[in-house]
Amino acid sequence: MLVRIPQVLNAEQLAMLREQLDHAGDAWVDGRVTAGYSGAPVKFNQQIDERSEAAAQCQHLVLSALERNPLFISAVLPNIVYPPMFNRYSEGMTFGLHVDGGVRLHPHNGRKLRTDVSATLFLSDPASYDGGELQIEDTYGVHSVKLAAGDMVVYPSTSLHQVKPITRGVRVGCFFWIQSLIRDDGQRALLFDMDNAIQTLNQTNADERARRTLVGCYHNLLRQWSDT
């Protein structure tokens, strides 16, 4: 399930984040330092050092925004969110086809985190750079994603994906992974559809008993499928 989440960051938050990143200096390092065995040969970008003060401040801003975003919570059903990371692609940089690693170590507590959902939060105006599309492959084909600054896309971490080469300008972004309460993408998609239906019914004069029944089905499925 691929879901676009608009305006995760408002203009003020976006400006604060870009101010931090644009003046991060030596905190920008070779992106291959965090790449796995298969990803390193095709990864050519820069990342903010996860241990830097710039990373900590930017992570706090993004995580605070996610906690207040109902669409993110509904679509992802987050259990554990990996601390957001930040990357930069300048002219000629790219990240070839790869699948994200299935398990990562949380940098703050060392615990293992299963990567169920991948997220990319766009931080650059799409008119400021050419190329840099996030291409995600699934059974329906190839989806090319290039969103407005502040918008985010989430998709199954099982997906083969790539960032196309930059031919002009600079693309700055935020990326991270989520261990969901529901590890199966099909089950998450079903619960997401049910939640959307419930929210629609809440805004109408739908039969209250029928609405309560649907809410009960949602929570009983969540209880049955949840890993926690």
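Cβ atoms here come from the backbone N, Cα and C positions, even for glycine.
Quick look at what Swiss-Prot lists:
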BINDING   HIS98, ASP100, HIS161  Fe cation binding site
BINDING   ARG171  2-oxoglutarate binding site
DOMAIN    80-180  domain 'Fe2OG dioxygenase'
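Where Swiss-Prot records a feature, it is marked here on the structure.
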residue: HIS98; record: Fe cation binding site; Cβ within 10 Å: 18
residue: ASP100; record: Fe cation binding site; Cβ within 10 Å: 18
residue: HIS161; record: Fe cation binding site; Cβ within 10 Å: 23
residue: ARG171; record: 2-oxoglutarate binding site; Cβ within 10 Å: 27
Next on the checklist: Please report the Cα separation of ASP100 (Fe cation binding site) and ARG171 (2-oxoglutarate binding site) in Å, rounded to an integer.
Outcome noted: 20
Checklist outcome for this item: The rounded CA-CA distance in Å from HIS161 (Fe cation binding site) to ARG171 (2-oxoglutarate binding site) is 17
Next on the checklist: Whole-number answer please: how many Å between the C-alpha atoms of HIS98 (Fe cation binding site) and the residue listed as '2-oxoglutarate binding site'?
Outcome noted: 19
Checklist entry - What does DSSP say about ASP100 (Fe cation binding site): helix, strand or coil? => result coil
Next on the checklist: For the residue listed as '2-oxoglutarate binding site', which of the three DSSP-derived states applies: helix, strand, or coil?
Outcome noted: strand
